[in-house]
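Chemist: If you scroll down you'll find the structure; I have some questions about it.
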């Protein structure tokens, strides 16, 4: 908890003694300090003093850290540091009223000069300068204070000095944030422009709108498009010249260039946007209501994800609710005898427990070893279903039936053996460490070999959806177990069960929609439009796929710790691989452990896009679009006041969401090695529809 806002981390004893220092005073009604004043961390002016200090009954005078600089300067008889923003705490100084007034005026002038310097720099470099209005006539206020001191009205002079000092600090903040409105507006417009560009690209390339709208006569790109590009270039040129003349930082040019470029691209497609608007308005009222409901639910889920960065417990309620809703839906869709609704309910409720557990994972070696047995059992059940679920049509698409004989019949047994060996090595390596014994080199070699060999095995598994995903689950289990120290090993199995529930849910939806399309085939052809690579067009209901992916992607991290700081993950988990201090290798192992649950989620996402025959790249663009909605929210939550942890976390959350787009793409490329060969068994009716 280093750097958080707790008093044990922010309260520091301040002891002042020597010439010119005020004696301690007893607490009384007359000399009690102003309790209404709040500090940077928002605690009251004089908090209760701990009884063990033995200072009961003596007035406690708290100060901000910055206030110590003017206090030291005054006691030494030196000028305040030029960049100090501290307020002189007169309660610590034992001087007469005249000296107090002069010291306070010197403190005020020092802060005021900072304000004047910033004002002068900004005025010199600005075409249209907006001054800080409360201090336009600061010189008359200074003259009045000096006049009051000469008239020996020290009390009034000190009050005016304090007011002027407060205004000077507000003015400093005004000029420090002078460009905030412009910068935040430009960056926000840039994000909105990026999201609109993505949305237009998805609508053009991956939906049936390309058939319904783009084939009309209104899409002849003429001179208007060239005028839009020319206007964008002129605007960019004018703004760049303005920034150059104002000596603005280079990043200002980058922000405005990206924003102008994106909005130029959007405006160049204004014909498509107008046609899209007319198309939406021409649809039935029920379609518009459906569109609004899906948009509202999507924003609600994204806001829940934003708040989950600080409140992991939200995932508990999320999965408790999801388990009930999904199981009720499946109960009406799938026969109860299949057991699928019960499985989905139990899996979601099981995963909901983990976000209630502490982020600091306690050591529990027995739990890690037992998790290995649980992983083998889950793998064995999935293997049995893959081989014996021929009679159930709801399992047909995801099983390995009709795809030929297995290439490596013993592969499952080898993978189960490797998981068992990993569990044994967890127990052996941990027992050596707890008994203060050196981890033998042969143990390290065995651990590295098990982890490396097991991750290659899924490449040789069958191509069926359930076969390949089960093999991936078993393949990444040994390295995850070897890097686990507690309950996160059980979380790996719980996450896999929920991912399986997602596949079963989508499979049930697929059969439900297939039945409806067969019954209305003669009148409705929309569901049968085929893109290249045997994919269909995206539909409005497909928004659920990237939404569920984002929820599972985030819970893959939050299930075992804190998204904002890698320090909340126990470094001792890497000791089974390396015992010599090597920060880069240790960090790499730790990050790899954090990425393993991500890999499972992305492999499942890729498999579902194959199952539903939706374009994976189109779904990825929707993931980016939804992630950017969260990024904008985090952009406005970035703080520059508070404790180190509060400021750092707010920046980390924004940075993580901004980077998520990039490392999701990298993980997509990595997992494609495992998922590109997955084949979906289609029934005869599906094949005949494709031919038709």
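Glycine residues also receive a Cβ, built from the backbone N, Cα and C atoms like all the rest.
TrEMBL entries are annotated by machine, without manual review.
According to TrEMBL, the protein carries these features:
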type	residues	note
DOMAIN	170-643	domain 'GPI ethanolamine phosphate transferase 1 C-terminal'
TRANSMEM	180-203	transmembrane segment
TRANSMEM	251-273	transmembrane segment
TRANSMEM	285-302	transmembrane segment
TRANSMEM	314-331	transmembrane segment
TRANSMEM	343-361	transmembrane segment
TRANSMEM	406-428	transmembrane segment
TRANSMEM	440-460	transmembrane segment
TRANSMEM	465-483	transmembrane segment
TRANSMEM	489-510	transmembrane segment
TRANSMEM	545-564	transmembrane segment
TRANSMEM	584-605	transmembrane segment
TRANSMEM	650-674	transmembrane segment
Chemist: Does the transmembrane segment (343-361) come near the transmembrane segment (489-510), with 3+ Cβ pairs under 8 Å (pairs 6 or more apart)?
Modeler: yes
Chemist: Are there residues at least 6 beyond the ends of the transmembrane segment (440-460) whose Cβ is under 8 Å from a Cβ of it, and what are they?
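Modeler: The answer is 407-408, 411, 414-415, 418-419, 421-422, 425, 428-429, 432, 468, 471-472, 474-479, 482, 576-579, 673-674.
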Chemist: Could you please provide the mean pLDDT value for the domain 'GPI ethanolamine phosphate transferase 1 C-terminal' (170-643)?
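Modeler: The answer is 83, the mean pLDDT of the model over that range.
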